[in-house]
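Inspection log for the structure reproduced underneath, given as structure tokens.
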Amino acid sequence: MTELSQSNILNWIVFLPLAGALLLFLLPGGSRAVLRWSALLVSTATFVVSLGLLCGFQTGEAGMQFVILKPWIESWGISYHVGIDGISLFLVLLTTFLSPVVVLSTWSAVKEKVKTFMILLLVLECGMLGAFVALDMVLFYLYWEVMLLPMYLLIGVWGHERRIYAAVKFILYTVAGSLLMLVGFIYLFWLGKQSLGYYTTDLLELYRVVVPYQAQFWLFLSFALAFAIKVPMFPFHTWLPDAHVEAPTAGSVILAAILLKMGTYGFIRFAMPLFPNASLAFTPLVMSLAVIGIIYGALVAMVQPDLKKLVAYSSVSHLGFVMLGLYSLTASGVVGGIYQMLNHGISTGALFLIVGLLYERRHTRLIDQFGGLSSRLPIFAFFFMIATLSSIGLPGLNGFVGEFLILLGTFGSAHPGYVYFAASGVILSAVYMLWMFRRVMFGPLENPENKNLTDLNLREILVMLPVTVMMFWMGLFPGAFLSRIEPSVQQFISQYHQKAAVAVQARAEEDRLAKTVEFSTLKEPAVSHE
Amino acid sequence: MISLHQLLLLSAVLFVIGIAGFITRRNIIIMFMSVELMLNAANLALISFANHSGSMDAQLIALFVMALAAAEVAVGLAIIITVFRNKQTVNVDELNILKW
Amino acid sequence: MEPAAVQYDFLRWIVLSPLISCCVIALLGRKLPRVVTGTLASASVGLSFVFGLLGFLQLKSLSGHGEGEAVFLADSLYRWISVGGLTADVAFMLDRLSAVMVLVVAGVSCIIHVYSMGYMAHDKSYWRYFSYLNLFVFFMLLLVSADNLVLMFVGWEGVGLCSYLLIGFWFEDMEKAYAGKKAFVVNRIGDFGFLLAILLIFWNLGTVSFGGIFAQAPRVLTAGSGLATAIALLLFLGATGKSAQLPLYVWLPDAMAGPTPVSALIHAATMVTAGVYMIVRLNVLYLLSPQAMAVVAAVGALTAIYAATIGLVQDDIKKVLAYSTISQLGYMFLAVGVGAFSAGIFHLMTHAFFKALLFLGAGSVIHAMSGKQDIQEMGGLKGKLPATYWTFLAATLAISGIPPLSGFFSKDEILWSAFSSPHGHWAFWLIGWLAAGLTAFYMFRLLFLTFFGTSRADEHTRQHIHESPSLMTVPLAILAVLAVVGGFVGMPEALGGANSFHHWLAPVLASENGTLNAEAAGHFPEAVEYLMIALSVVVGLCGIGAAWWVYINRPGTAEKMADSVPLGYGLLKNKYYVDEIYNIFIVQPVKLTSIYILWKLFDAGIIDGLVNLSGRTVRGLGRVAARLENGYTQAYAITFILGVALLLGALLW
């Protein structure tokens, strides 16, 4: 790995929110305005600092950049290793970009326990950023769990009626997955010791471990399950609608926009490159589940009476696209998958913000309570329309670029047949999104409770404007994004195939040995003790 | 001279009385005193052994137990008084929740 | 022969001019006076037309009048997507085909913009209307001038979006909002095909740019291969959605919910013809698959007659025109399906003139009738709306194929090609011929019921009948002139014309090389062609005569006829119950399956049931274990003592 930059900008980005959380901790809890402004300031500052990544990033460079590598617990080979490449660069930026937006969106939505809320948001941001930049398994696991608790509390404390059920469901699902991953990781750690001769938890070193076939199978399952729950892939998705519906707006936005990306990111960063053969063997299954998710999510979204549930199920559908792209293992598919992660973050984030704006005004999310809002709320209608179209994947907006590349990539993959099913998701997304839009925005304004709604105020416009601008920007000028993502993806794909080939060779060798040499000699790789 | 045997018997009797008191009585102060009784029964046993073997070690432990019992009395009685102030009772059956 | 590209920087302004205007109106429209908004919108489209004309002249001067080498103008803005071998630029090309399209689109749009200034003058969302309309023109021009398939797809979806927005323009009315959504969704079904076709083209030809496709397709794809057919048919699926062909035509009649100028522009003159343009654009691919060509021709012919029969009995003035549009689009597909690509585009152009005119005329009528659209409530408008009447008559004659109006030349060329082309068949000709008769009948039925006889409107409406302002009648007059004389550019050689339209397009249809007609002419004596021309005129006249007989000479005949065949009449009146059939067999099953099987049973029942079951199991076990923790100190003490006793026993045993 080339270390291009020795600067510790990543430390700044990850720990600035944490420092902000500490600062907020010291502030008096009564002055909400001060708390809100400080949280906004901290998250904006983080975003500004993170723009430095964009400036310093070497386009065309595939490896890790901005690397910081310090020994941490040396006897176990645990190090503080962070860095980003084209795959994680924009996910980090997405996180820092959305955090101020989310803070701003809570201005009037969160009135109780503002201090705790803001602290949790900032800790959450730190956890997410850390997970995206961590290149050490222990570090990653640490951040992975750090994300979990604030989210649990956000849902459980500031949520709606069935918040406790949703929060518990959320945490049980995710913890069940992450514990499996931990077990898998410990096994991998021992395998690494056998193969490399020393203990290490460094991801880049673990990439070099050629894991035996049989072990790959179980290890992949343990990792993939953890990430599949997070994505969430069909059929592990049922925590998502509940969590979304019960979470406060800010929680939903972060959950949809960033936390779900942890799952897909986990696949491309961990599950796939660490265990390529098992991953290859599971490809048809994963792609099938992805396609089922696309269609199933869309169909179920179509008939939801609750706005948030509708958007939540649409996430299941969109993330099906992402998984399909990642598993196509073609440059365009994987790049499209990563691009679609960003798109989904922006568009679905925006949709949740919009539902939040409606909820603040009417205290309901039921679609049939609305209708005809367009004439009453023209500015709101504009933002809602753009977000809807972006989610549908209208060309010219961001969603199209991702979806198109994914379909293109999948078609060029080893399993082109999935495209025909996935593309039908394109039709279905138009059905459910436009149906929802029509029922909420069009028609006569009949419900008397909707007659006095006020249009967006300046703060709310400021919340919606950045995401809307991003939708256009990412749709019209994807070049700046794609060119930075592609080299890392190319490297990912070539290493993936290389490593898979090595394992195949190793197995062939083993088979040959098994035929010629006595069976007993095969038992030799016993765990050697220090 | 009282034999070790007799001393241990006394200690055991005291201990069993303590246990019986602890599990049959509902008054928390009585139960507390039963615990003290058990501790002292143990102390008696320890000292008897010390006397029998001529070693000071067991006496040391007995002293230690006494100090501990004193501390325990101080803290325990304080808790009981606080509980009584809050609940107007010293019946343990009524003290079955951890927080109110 | 590789076509030569000539850099031409003005090209981008053809497309961008309406976009800029759209943005200005969208941002400032609320504050601008209406006159400024309307003028700006119209002028921006006019500017596109001027740039288009410049490009056209440039193209003409570059290549002369002959059918020499294919030259096109190119203008590249920036690289849009570039990943893993795929490059799609935001770049425009103007060749002979797209030049025609740009002129038709920008020209008709400009006229309709001006008309709209009058038609929409009192609408409260005036600025919103013009920003949408400008946006539409932008996407439409993008569609016809894109230099690669992906960019064309942007325009393709974009016009669908604008169609959605404009159909649902009066969104307070649920029906209208519903029609907009239906249009978008049905179009999306077609887009599904288009998208898959792009994927197939990219992975087999390695490029999505038109230049690359033209060069690669004959080399890579074997003629008649399954792959070529698959690509062509998937593209055609896209075309059936956008151009309202069987079986995806259902959205177009509902789309009439939009403002009438929108129906004229989007749902008659421009957007719905995009499918025809796309097939002609990619004629290279179609010529590689005779099977797909046959499908296109058959679907076109069936749609032509199918929609014409429904048009016979509709009472809503715009619905009649909508079914007429579907039917005429069927003609265009019949043309391209039999390989007569230039005839298809020729009809596209003349149809744009006379159908836009018909819709705008209908708009003028509706305007006069205080918004009423039922022709049974009209009648006798001839005297009160003279300008509307005369222009409407011109357009009706044109669509009925009466010489020497534009519709005659284009329709005749299609029918002749359907008969004579190597891809053609006498059955195609017969269907087209019958449909032509039906067209003349229902169009004159519309004309007679609307403008002739005595007024059947109520008193209140009758008092308000007035001719439209000149802002609306002048555009009608311009279009009427075009509808009358527009056909002469494509006058066939058999009638002594030069057929310059055909020759102009010939280089673009490179693989055809103008051989088709020459070959056909060899097979048939000239007398046959004259006979065909005569037959198509006769059938048109018969249709007109029949309409005159039924609606003017013997009023009441129509009702009697309807009563004598109630079943057939009901079938037509209810549009063959296609909407109902789709609803029962597709929409409802999907919806009910989603609700009851997928959501309630599978999601909430099985998956969540399992999740909750695991939770409940753990909780149940916990509850059993919790019995031990009963809160009684003595119980703990006993357990404790028993435990110690047990341990001691075990130790001492």
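Just so you know, glycine gets a Cβ as well, placed from its N, Cα and C.
According to TrEMBL, the feature transmembrane segment maps to C:12-28 (among others). Proximity of distant same-chain residues to the transmembrane segment (C:12-28), defined by a Cβ-Cβ separation under 8 Å and at least 6 residues beyond the stretch ends, is recorded for 37, 40-41, 43-45, 47-48, 51-52, 55, 75, 77, 92, 94, 102, 106, 127, 130-132, 134-135, 137-138, 141-142, 145.
Taken from TrEMBL, the feature transmembrane segment applies to C:35-57 (among others). Packing against the transmembrane segment (C:35-57) from elsewhere in the chain are residues 8, 10-11, 13-15, 17-18, 20-22, 24-25, 29, 73, 94, 99, 102-103, 106-107, 109-110, 113-114, 116-117, 126-127, 130-131, 133-134, 137, 141: each is 6 or more residues past its ends and has a CB under 8 Å from a CB in it.
Summarising the annotation, TrEMBL assigns domain 'NADH-Ubiquinone oxidoreductase (complex I) chain 5 N-terminal' to C:80-130. Each residue in the domain 'NADH-Ubiquinone oxidoreductase (complex I) chain 5 N-terminal' (C:80-130) gets a DSSP state, and the totals come to 29 helix, 13 strand, 9 coil.
The transmembrane segment annotation in TrEMBL covers C:97-115 (among others). Outside the transmembrane segment (C:97-115), and at least 6 residues removed from its termini, the chain residues within Cβ reach (under 8 Å) are 14, 38, 41-42, 45-46, 48-49, 52-53, 55-56, 59, 72, 130, 133, 136-137, 140-141, 144-145, 261, 264-265, 269-270, 277, 280-281, 345, 348-349, 352-353, 356, 360, 363, 471-472, 474-476, 478-479, 504-505, 508.
For C:146-439, the entry in TrEMBL reads domain 'NADH:quinone oxidoreductase/Mrp antiporter transmembrane'.
Annotation comment: TrEMBL describes C:192-214 (among others) as transmembrane segment.
Long-range Cβ contacts of the transmembrane segment (C:220-241) within its own chain (Cβ-Cβ under 8 Å, at least 6 residues beyond either end) map to 156, 186-197, 200-201, 204-205, 247-249, 274-276, 278-279, 282, 285-293, 295-296, 299, 333. Marked as transmembrane segment by TrEMBL: C:220-241 (among others).
Per TrEMBL, the feature transmembrane segment maps to C:262-280 (among others).
Beyond the ends of the transmembrane segment (C:320-346), by six or more residues, the same chain brings 97, 100-101, 239, 243-245, 249, 252-253, 255-256, 263, 267-268, 272-273, 275-277, 279-280, 283, 286-287, 293-308, 310-311, 314, 355, 358-359, 362, 375, 399, 409-411, 413-414, 417-418, 421-425, 428, 432, 435, 438-439, 442-443, 446, 490, 501-502, 505-506, 509, 512, 516 to within a C-beta distance below 8 angstroms of the stretch. The annotation transmembrane segment is assigned in TrEMBL to C:320-346 (among others).
The transmembrane segment feature in TrEMBL is assigned to C:352-369 (among others).
Residues annotated as transmembrane segment in TrEMBL: C:389-406 (among others). Same-chain neighbours of the transmembrane segment (C:389-406): 324, 328, 350-351, 353-355, 357-358, 361-362, 365, 381-382, 412, 436, 439-440, 443-444, 446-447, 450-451, 473, 476-477, 479-480, 482-488, 536-537, 539-541, 543-544, counting only residues six or more beyond its ends whose CB sits under 8 Å from a CB of the stretch.
Here TrEMBL flags C:469-491 (among others) as transmembrane segment.
Sequence annotations record features per position, and here TrEMBL assigns transmembrane segment to C:530-551 (among others).
If one looks beyond the transmembrane segment (C:635-652) by at least 6 residues along the same chain, the residues whose Cβ comes under 8 Å of a Cβ in the stretch are 628. Residues or ranges marked as transmembrane segment by TrEMBL: C:635-652 (among others).
Sequence-distant neighbours of the transmembrane segment (C:192-214) (same chain, 6+ residues past either end, Cβ-Cβ under 8 Å): 2-3, 5, 85-89, 93, 147-150, 153, 156, 220-221, 227, 230-231, 233-238, 241, 281-282, 284-285, 510.
Panel annotation: around the transmembrane segment (C:352-369), residues 104, 108, 111-112, 115, 119, 260-261, 263-265, 268-270, 273, 317-318, 321, 324-325, 328, 377-378, 381, 384-385, 387-388, 391-392, 394-396, 398-399, 405-407, 450, 457, 461, 464-468, 472-473, 475-476, 479-480, 482-483, 486 of the same chain, lying at least six beyond its termini, place a Cβ under 8 Å from a Cβ of the stretch. When averaged over the domain 'NADH-Ubiquinone oxidoreductase (complex I) chain 5 N-terminal' (C:80-130), pLDDT in the model lands at 89.
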